[in-house]
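Q: Take a look at this one; I'll ask things after.
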Amino acid sequence: MAKHLFTSESVSEGHPDKIADQISDAVLDAILEQDPKARVACETYVKTGMVMVGGEVTTSAWVDIEEITRKTVRDIGYTHSDMGFDADSCAILNVIGKQSPDINQGVDRADPKEQGAGDQGLMFGYANNETDVLMPAPITYSHKLVKRQSEVRKDKTLPWLRPDAKSQVTFAYNSDGSIAGIDAVVLSTQHSEDVTQADLIEGVMETIIKPVLPAKWLSKDTKYFINPTGRFVIGGPVGDCGLTGRKIIVDTYGGMARHGGGAFSGKDPSKVDRSAAYAARYVAKNIVAAGLADRCEIQVSYAIGVAEPTSISIETFGTAKVGEELLIDLVRRHFDLRPYGLTEMLNLARPIYQATAAYGHFGRNEFPWEATDKVDALRADAGL
């Protein structure tokens, strides 16, 4: 059978952009803990020796931005100046302002159910049945690799690891869409000066790659690229500046589904960039889990200040067991995609977001949008 290749990448919690995402979501969580109705748009910039936290916030809560930032950086593992970035000595600038009243009047309503969308925009949700979490395999295993890197760094199994790392996995697919195997694996990890390249390659292969990637997909032809430049001592915010919202493909489906362009981290649930993308994943996952399609991509769109979505469309890539018009009817009947409705449906007005800010927002069953609790209702209504 003819094969085609598809590649996705992930980055670790110590990557500069992910540091920024985690700080933004840590601030969001701290505010939501005190004020579930807060309006938050928190952006973070990190560079050598400095973190700047900005954005727009309307809330009755008071939170200690400096302490939240230092704790987040400390938990990631930047705790010594020889890494070029130290949680306890970096400068922290707070330039947060208030949300525009022009936006606020379009969002808030006397009847909460009529809450308008916080902005216009389009969002996509996706699911397929090639992994047990109904996510594409390339992004799923890219996340698993860098998550494993973090685990063996923090438990000192590989004490020379440092926080910054990237992974990339290329899968080969058969012409029928099934997985043929893994064609290539890339893992680059920051490390201390005192480890040899040979020890690093052996440690990464035996302790990170082999325990994570299923042997059934590996072969003598699988290619491995471990720290292919030969040296990765300078990393984190010294190597590159980091910004909130710059890893939107890592955060979602690894490029296998389309993306509306809006980032997630630092945004409260009134921002449909985030909440509607979560709801769209919830819809797509339940459609696939119900056996109504093997692959499902849903698009929703909104107008600022308007509650009802301006459009809903579904693409099943020829895998649907029922008509796509029926699927859209099922979505409208079983899922409330108005901003207030989806926030209530998924219980989003609570501090659950910092955990999403590294290793992907989807395919992790601890999050409410990963539930498959609509399966029976969808199957019954579809006549299956």
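Positions of Cβ are set from backbone N, Cα and C atoms, glycine also.
Residues annotated as ATP binding site in Swiss-Prot: HIS15, ASP164, ALA165, LYS166, ARG231, PHE232, ASP240, ARG246, LYS247, ALA263, LYS267. Look at Swiss-Prot and you will find ASP17 tagged as Mg(2+) binding site. Annotation source Swiss-Prot lists K(+) binding site at GLU43. Among the features that Swiss-Prot reports, L-methionine binding site is placed at GLU56, GLN99, ASP240, LYS271. Swiss-Prot lists 99-109 with the feature region 'Flexible loop'.
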Q: Tally every other Cβ atom lying within 10 Å of the Cβ atom of ARG231 (ATP binding site).
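A: For ARG231 (ATP binding site), the 10 Å Cβ neighbour count is 10.
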Q: Which whole-number value in Å describes the distance between the Cα atoms of ASP240 (ATP binding site) and GLU56 (L-methionine binding site)?
A: 25
Q: So, three-state DSSP: helix, strand or coil for LYS267 (ATP binding site)?
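A: SS state of LYS267 (ATP binding site) = strand.
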Q: Applying a 10 Å Cβ distance cut-off over all chains shown, what neighbour count does LYS267 (ATP binding site) have?
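A: Summing over all protein chains shown, LYS267 (ATP binding site) has 27 other Cβ atoms within 10 Å.
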Q: Near GLU56 (L-methionine binding site), meaning Cα within 10 Å, which of HIS15, ASP17, GLU43, ALA165, ARG231, LYS247 (binding-site residues)?
A: GLU43
Q: Most Cβ neighbours within 10 Å: which of the binding-site residues HIS15, LYS247, LYS271 is it?
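A: Answer by Cβ density within 10 Å: HIS15.
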Q: In three-state terms from DSSP, label ARG231 (ATP binding site) for me.
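A: The three-state answer is coil.
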Q: Same-chain residues six or more away whose CB lies under 8 A from the CB of GLU43 (K(+) binding site)?
A: ALA20, SER24, VAL53, GLY54, GLY55, LEU243, THR244, GLY245, GLY266
Q: Measure from the Cα of ASP17 (Mg(2+) binding site) to the Cα of every one of the binding-site residues ALA165, ARG231, LYS247, LYS267, then give the nearest.
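A: So, of the listed binding-site residues, the one sitting closest to ASP17 (Mg(2+) binding site) is LYS247.
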Q: Indicate whether ASP17 (Mg(2+) binding site) is helix, strand or coil by DSSP.
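A: It is helical.
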Q: Give the distance between the Cα atoms of LYS271 (L-methionine binding site) and ALA165 (ATP binding site), rounded to the nearest whole Å.
A: 30
